[in-house]
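What Swiss-Prot annotates here:
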type	residues	note
ACT_SITE	37	active site, proton donor
BINDING	30-37, 147-150, 176, 184-187	ATP binding site
BINDING	61	beta-alanine binding site
BINDING	61, 153	(R)-pantoate binding site
């Protein structure tokens with residue numbers, strides 16, 4: 001595995017790979033690799049001849065009161081995991097090479113990036129869209145693998161790729177869960193043992209939604225309220241939001257229509273730790 005830190009060098013390598021008809025897959029991360037990331041790399045490895053992994057803790061997607069400086073950066077451990085996962089190129093630039101002093105241009109995501117996570121984290125998705133676009137231009141992949149765990153981020157990226165006519169296929173990888181249903185996440189390290197033991201409540205909420213829909217219950221607002229109550233009644237937990245959205249448009253939905261696909265989005269706090277989860281629901 002070759003480690004690259006300079007954007008121009010990575011671009012030159014990617015251009016040469018394309019000229020040599022190599023099929024490139026990219027996985028973009030902020031490091032602190034876990035089983036979820038490794039599943040994305042595995043999917044890329046199965047789908048592409050050359051796999052590029054990016055590690056970059058993107059400052060433009062962190063808010064003023066968020067944990068940019070506390071975000072874990074176990075680089076040597078990440079290198080070992082990436083090597084074992086048979087990554088071909090690890091692109092790990094410094095912030096100054098991606099956002100030099102005179103950098104001014106950013107992307108605006110519109111309404112999709114302003115609700116739910118975007119409402120609670122103003123500017124977050126603009127930062128995500130900007131860095132993803134930059135990394136796509138630098139690594140020049142044919143496919144890019146993103147996890148379904150960050151469902152709104154995935155929707156924003158798909159919308160951006162379509163709107164900007166970017167020449168890349170976005171592939172979604174399923175959520176990887178722990179035994180109790182907790183979605184694997186870099187933020188799980190902040191959970192106490194007690195919080196981790198009860199963290200399956202979010203997945204239980206998804207299961208409750210699936211069961212309710214299977215029983216022909218159609219009022220999604222009522223189901224969402226029931227899940228909120230489930231979370232609120234779990235010691236140490238408080239819900240932030242529980243919302244159903246139309247899977248195609250990613251707009252809030254209140255009544256389920258037969259045969260239509262929805263996405264249940266959940267965000268909740270365990271103490272000071274904020275976690276998100278989601279599940280696909282078919283009416």
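Positions of Cβ are set from backbone N, Cα and C atoms, glycine also.
For the pair residue 148 (ATP binding site) and the residue listed as 'active site, proton donor', the C-alpha distance works out to 11 angstrom. Considering only the recorded positions 37, 61, 153, the residue whose Cα is spatially closest to the Cα of residue 176 (ATP binding site) is 37. Cα-Cα distance from residue 186 (ATP binding site) to the residue listed as 'beta-alanine binding site': 16 Å (rounded to the nearest whole number). The DSSP secondary structure for the residue listed as 'active site, proton donor' is helix.
The two recorded residues residue 37 (active site, proton donor) and residue 30 (ATP binding site) have their Cα atoms spaced 10 Å from each other. Separating the Cα atoms of residue 153 ((R)-pantoate binding site) and residue 33 (ATP binding site) is a whole-number distance of 18 Å.
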